[in-house]
């Protein structure tokens, strides 16, 4: 067909309604014109137009069977790492949020801890007149909060510490969410030190 001057070849089968993979048994390196196999109904429609001498324009647009899988593979190669990185990032964020949630004390729990109004005439030990968080001296009328370990702080300072930073006492690292009975049994065999809660000393 190429020797006859054809610039392309359309192949079809009027008897068999199925796809055929075209190949040549010999060397085809000298064949330069494109060829395409069309479905039976398309082939018959082209024959009818040819028999009626109706002008027909056929546009060959490449091999879809090769192009689409190649594009799909390219998309998978490009998008898969991005999707995996997004999944890892979201998983990490979720774990970090859960970890932060476990490290802080519930607001309603902190609100139930006892408070009292500071009165200087009732204070004997001078070491207890300074908040260990903001490092400011207590003044008359300040509201103080007492933790289960008996350490005291400005209520606003220790509330912010416990609910947004750590659920441990800033001085002795006592977990304020632990039950007092549990802490007693766990620490009864530990010698008192500077980190021992005052409750157990």
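Cβ coordinates come from backbone N, Cα and C, glycine included.
Remember, TrEMBL labels are computer predictions, not curated facts.
When TrEMBL is compared with the stretches 162-181, 182-201, the one noted as region 'Disordered' is 182-201.
Range 73-92 is the one annotated as transmembrane segment, of 73-92, 93-112, 113-132, 133-152 (source: TrEMBL).
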